Amino acid sequence: MSYAAYGPVIEEARAKPQIWRLLAGLALAGLTALAISQAALFGALALGGSELIQGALSGTTPGGLLVILYAMGALAIGAFLAARLLHGRGIASVMGPLPLALHQGLRVLVAIAILQAVLLALLTLGSGQELSRNVPMSRWLIFLPFALLGLLIQTGAEEVFFRGYLQSQLAGRFRHPALWLIPQAALFAAGHYAAGTFGSNALGIALWAGAFGLLAGDLTARSGTLGPAIALHFANNAVVILLISMNGVLSGLSLYTFPFSPSDEAAVAAALPLEFASLIVSWLAARLALRV
């Protein structure tokens, strides 16, 4: 396991590595994200009325889900603000060299897109489950450019906060990788724990998110930029948000839906092992694309 490429990022984080600065930064980022996202919701209410707000609360309409995705950009704004004000770090310090991040991200995205296409073909042929058409193709194509940008904002913002800001600042304070990989992954997992939505599967979903956080953090440290982690996150979310989603929550932009919802505990539990396997194979594909 070689994290030499992460060295320049760690060196910048070591300039002001105090834990109190990190805690204050997390609070600042969280409050900033909350304020901006609330403003976005009020804006949506003014523009689209209560119907758009209801869609934004559940993600069951195209407009509502777009509000959710774009509002997540507030998390990146908060993280960049915290990095600048409390640690004297700029955007490139958090994300790594931007041209390199873009180059690495595109390589990983192509590799995982090919892999996901194969996995989706196998899933639809071998699962025996009949998919339901959700959004009509003509309408889906109209929303697609806005949805892709929204996904990039949402996944990029989460990576900037968890792997870009939090992980790198912990790496600037602690030398052992476990002390900066595990905390950010644990916080990421906690943010995905939703007992009200997934019932008895909530812990399994959170564990999957924690595993994702560990592997995304590993890719970030191996490559020295956020590009690969953003690509991994984007590819994963594009499949479950734009192509095939579960019925109900966050299904507003998907072309098809599975014949079950998040509350169908048996079906979700049966799908979880496949999700873990897909995640690991995607991580390996990313490493192969980067040769790291």
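Cβ from N, Cα, C; glycine included.
Note that TrEMBL annotation is computational and uncurated.
Features as listed in TrEMBL:
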| type | residues | note |
| --- | --- | --- |
| DOMAIN | 143-239 | domain 'CAAX prenyl protease 2/Lysostaphin resistance protein A-like' |
| TRANSMEM | 22-47 | transmembrane segment |
| TRANSMEM | 67-86 | transmembrane segment |
| TRANSMEM | 106-125 | transmembrane segment |
| TRANSMEM | 137-157 | transmembrane segment |
| TRANSMEM | 201-219 | transmembrane segment |
| TRANSMEM | 266-286 | transmembrane segment |
For the domain 'CAAX prenyl protease 2/Lysostaphin resistance protein A-like' (143-239), the mean pLDDT of the predicted model: 97
Remote residues contacting the transmembrane segment (266-286) - C-beta distance under 8 A, at least 6 residues beyond either end: 108, 111-112, 115-116, 119, 123, 198, 200-201, 204-205, 208, 211-212, 215, 218-219, 228, 231-232, 235-236, 246, 258, 260
Residue distribution over DSSP helix, strand and coil in the domain 'CAAX prenyl protease 2/Lysostaphin resistance protein A-like' (143-239): 87 helix, 0 strand, 10 coil
